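Listed in TrEMBL:
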type	residues	note
BINDING	20, 21, 22, 28, 29, 175, 176, 177, 213, 220, 221, 222, 223, 224	ATP binding site
MOTIF	21-29	motif ''HIGH' region'
BINDING	163	L-tryptophan binding site
MOTIF	220-224	motif ''KMSKS' region'
């Protein structure tokens, strides 16, 4: 079993995490992963990659979805799959850099710029059975949703294991819902080590203790559910998303339970303890502070207005930085190319070890 490793017990561990470029990043992505990625870059050797190879397994689904939206709305021009992927990769790079990823502290790159990962995936595929792959939650979930599985979807865990193992990673930040993925990586690494010798360290999970971020409908925030609030939304788009948060039918003048309210759950992510205490009091005593509302009781609309202001202010600087980065695409490309060069240097050494272990000629680096 993987374990949660206290960060303090390790000296400059190598940390590996990837983000799949599958659309606009949202608050769930930020509080569930990105915020921790940015915070960790100062305390470990961080490798963060944009998983464009992985996106190919569901890219046709994304293309079909966009074509369907365009059929209903003539203002939408559907993009071919290759353009969707290119745009999504660019957006993820812009988002991470705008939110504070420092390329001087973290190695940031496109997965596809390190082709060695595909060669390692082939070696790893020889030590795991198909039945094991068919038990992967992500595979079963997509099949259950009616997606016709391709070989890439089935072997997704093998490529993911290669992503982690090729950098000889020590720690992999994951949510509880991703624990199985890392367990499979450890199983694959263990099987390879048993067959060919101790080549790979077994990576450990660092579990993100942050609560699941609710979407506008109360389910986990996810692009799949269409309930997201985008990190870089602003103006009318942001207001519409926040004001669309589902709440119950408690009359405005009656006390409300903040712990069951989606708007309050999101407000918690941004508020100070004092602001949270004040908001709680407004929920329990709607007439508190009524004088600043023209005598009106505090309602869900007021809670959403306060949440809107918090989100808008929290990401204001990042929005400005992103707009600057958009005007300098050469810088973004340079960051990714430099990161890929660093990552490949590590990957090539690992691949030499693997080739020697299995008896295949190790190419000079």
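Yeah, the Cβs are placed from backbone N, Cα and C, and that goes for glycine too.
What TrEMBL says about a protein is an automatic prediction, not a curated fact.
Sequence features annotated in TrEMBL and their locations in the structure.
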residue	record	DSSP class
20	ATP binding site	coil
29	ATP binding site	helix
163	L-tryptophan binding site	helix
176	ATP binding site	helix
213	ATP binding site	coil
221	ATP binding site	coil
Q. Taking residues 6+ outside the motif ''HIGH' region' (21-29), which of them lie with a CB under 8 Å of any CB in it?
A. 50-52, 55, 58, 62, 85, 88-89, 91-92, 95, 212-213, 215, 220-223, 228-232, 266, 269, 311
**Q.** Fewest other C-beta atoms within 10 angstroms, as judged across 213, 221, which are the binding-site residues
**A.** 213
**Q.** Inter-residue Cα distance where the pair is residue 163 (L-tryptophan binding site) and residue 213 (ATP binding site), in Å
**A.** 27
Q: Whole-number Å only: compute the distance from the Cα of residue 221 (ATP binding site) to the Cα of the residue listed as 'L-tryptophan binding site'.
A: 26
Q: Identify which of the binding-site residues 20, 22, 29 has its Cβ surrounded by the largest number of other Cβ atoms within 10 Å, counting every protein chain shown.
A: 29
Q. By a simple count of other Cβ atoms within 10 Å, which of 176, 223, the binding-site residues in the record, is least packed?
A. 176
Q. Relative to the Cβ position of residue 163 (L-tryptophan binding site), how many further Cβ atoms are located within 10 Å?
A. 26
Q. Between the binding-site residues 20, 22, 176, 223, which lies closest to the residue listed as 'L-tryptophan binding site', Cα to Cα?
A. 20
